[in-house]
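Heads up: the structure comes next, in structure tokens.
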Amino acid sequence: MLPVLVVHGGAGHIPPERAKVSIAGVRSATRAGYAVLRRGGSAMDGVVEAVTQLENNPYYNAGCGSVLNVKGEVEMDAIVMDGKTLASGAVSAVRNVANPVQLARLVMEKTSHLCLTAEGANQFARDMGVAEVPAESLITDYARMRWRKNLQPDANPVECQMGKMGTVGAVAVDMEGNIACATSTGGMLNKMEGRVGDTACIGCGGYADNKVGAVSPTGHGEAIMKVVLSRLILFHMEQGQSAEAASDSGLAYMKSRVGGLGGVVTVDPQGRWAARFSSRQMSWAAAQKDTLHYGVAAGEHFTQSIDEPN
Amino acid sequence: MKAVIVVHGGAWAIPDEISQASIDGVKAAACEGFSLLKRGGSALDAVESAVRAMEDNAVFNAGHGAVLNSDGEVELDAVIMDGRTLACGAVSSVKNIANPVSLARAVMEKTDHVMLTSKGANLFAEGIGVVTTPTETLVTEYERKEWEKHKKYHTGVIELFNTQWAHDTVGAVAVDHSGNVACATSTGGIRNKMVGRVGDSPIIGCGGYADNLSGAVSCTGHGESILKVTLARLILSHIEQGKEVVDAVELSLRYMGDRVHGAGGAIAVSPSGEWAAKFTTERMAWASVECDILWYGLNPNEKFKQQLS
């Protein structure tokens, strides 16, 4: 059953013209992360590789392609967590960085802290020699078009966001049984400057524990925070629920208690995995035993050999 | 229904010279919060007013009296949560604000978001007319001296100090006469922290959590350890599984010690008014009021009683 890697490219209602591209990116990121694990790489290396690929892909709301805040700027959140030691690193509202997930990993490995925010995170990036990229290089025409559209007084950014949530994330178990998760996002469309969503918050935007499993969520960030979704799903697994049942109960609770929609990828220490969502769609893919699984609409589950071209 | 408030002034090795002031501070804050509950005020109003009282008190590391970061600046974190709806608000790394807990409440009530950080939080504060306070007015002479002293040591030594010194986060939990619970937590973080360091306090489920179905918790102690175990949510999950409030707190603090070697403290209250104030650090200043009786303590297993008139 090991190694295994599961990736999501965001939950929402994905327009048909974007669904194909969205699933293609998730599949290729899954292949890349799985290749790392197959070579004997750690779960942490695997999830960071997969998320880095999606950050670099302009079709997702993370890294290049991030949504814009109300001022038309990119501010990103990311987190990683290592299930062996519960070590974690996060950045919130960081700018001018191509790969926030890698910066989050540096926070975990090079500081005694767990989360750095805004200008402090950028200052740390400079000290670490992380290349600063121009803000423009992270902005796509699509992101700018959607920003303009939602500046209208009658706009509904939360509803519009569901058309491209696009937060990206991954969970994995490596051959040694170590578990990790990573999540990265540009946040919510037309958010206030300095808004931090669930992604940077441990237990909300991700959690990994070798004894229980790992979760990476996507969806309405404020709702995910209110129910501490990742930790909630893992509590259910500690109580004996399967990864799939726990994911479904966590998402159902979020919907009934705070009216929030979203999706998760979940894995347990034995390598059993789930990709579940309460939104209309979520692009996801999983790799296990040299087979690639993927889907985007509810109930969809395609498989192919990991070595087949996209 | 029985109304209860519990407050803490931080779990750490509180030096003797400020121990009395710390006890007096938590007692005053608990009484202030309770007076609201007694008049029929909400749990949310009570925890906010108790935390404001401690933010305004220079003996505590929150608001006025906060510790300084490595650049010698004050950056504050706070959270507030309403157990009725799970609505919550938080600010992280905000500067020049005297009462971050009230700004966190404004985030909850006046925006679609849960958390605002850094300059964005300050812009929001300006936007809603919150008065800005010059950094110098938030810094005590005592803290400036401590910071200068610690600046001389190597990082490793500073961290050693930090495990015992200066995490006096403040917090409150309450249940009101209608059975609603709420929590609030506010802090200046840890001395000589990196610029932009965010600790557990503003993170939902770590520095605090409140849910009418299980109870409310506010945490203090080594922030990075609290984050790793999502302490507030962990305590409530034990209560959900049927544990007594005090057992849930002790079990979770012990787990944090075993799993990530972190020390800390927490206060908790259940919707039916059971409460606990426990810590694994040397000391934690705490106080509680229920049925016009004030309880308080500082050292392990200490529990003094005082009848309020």
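Every residue, even glycine, has its Cβ placed from backbone N, Cα and C.
Predicted automatically and left uncurated, TrEMBL annotations should be read as such.
According to TrEMBL, the features are:
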| type | residues | note |
| --- | --- | --- |
| ACT_SITE | B:T169 | active site, nucleophile |
| BINDING | B:R197, B:V198, B:G199, B:D200, B:T220, B:G221, B:H222, B:G223 | substrate binding site |
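Distribution of TrEMBL features across the structure.
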| residue | record | Cβ contacts under 8 Å, 6 or more apart |
| --- | --- | --- |
| B:T169 | active site, nucleophile | B:H8, B:G10, B:A11, B:N61, B:A62, B:T185, B:S186, B:T187, B:G199, B:S201, B:G207, B:C219, B:T220, B:G221, B:G223 |
| B:R197 | substrate binding site | B:N69, B:E75, B:S93, B:G189, B:I190 |
| B:V198 | substrate binding site | B:D77, B:S92, B:S93, B:T117 |
| B:D200 | substrate binding site | B:C206, B:G207, B:C219, B:G223, B:E224, B:I226, B:L227, B:L231 |
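Of the binding-site residues B:G199, B:G221, B:G223, B:G223 has the largest number of other Cβ atoms within 10 Å of its own Cβ. Taking 8 Å as the upper bound (exclusive) on CB-CB distance to chain A, the recorded positions B:T169, B:R197, B:V198, B:T220, B:H222 give B:R197, B:V198 in sequence order. Following the DSSP three-state reduction, the secondary structure of B:T169 (active site, nucleophile) is coil. Most Cβ neighbours within 10 Å, among the binding-site residues B:T220, B:H222: B:T220 holds that distinction in the structure as shown. Taking every pair among B:R197, B:V198, B:G199, B:D200, B:T220, B:G221, B:H222, B:G223, the residues recorded as binding substrate, the greatest CA to CA distance is 16 Å.
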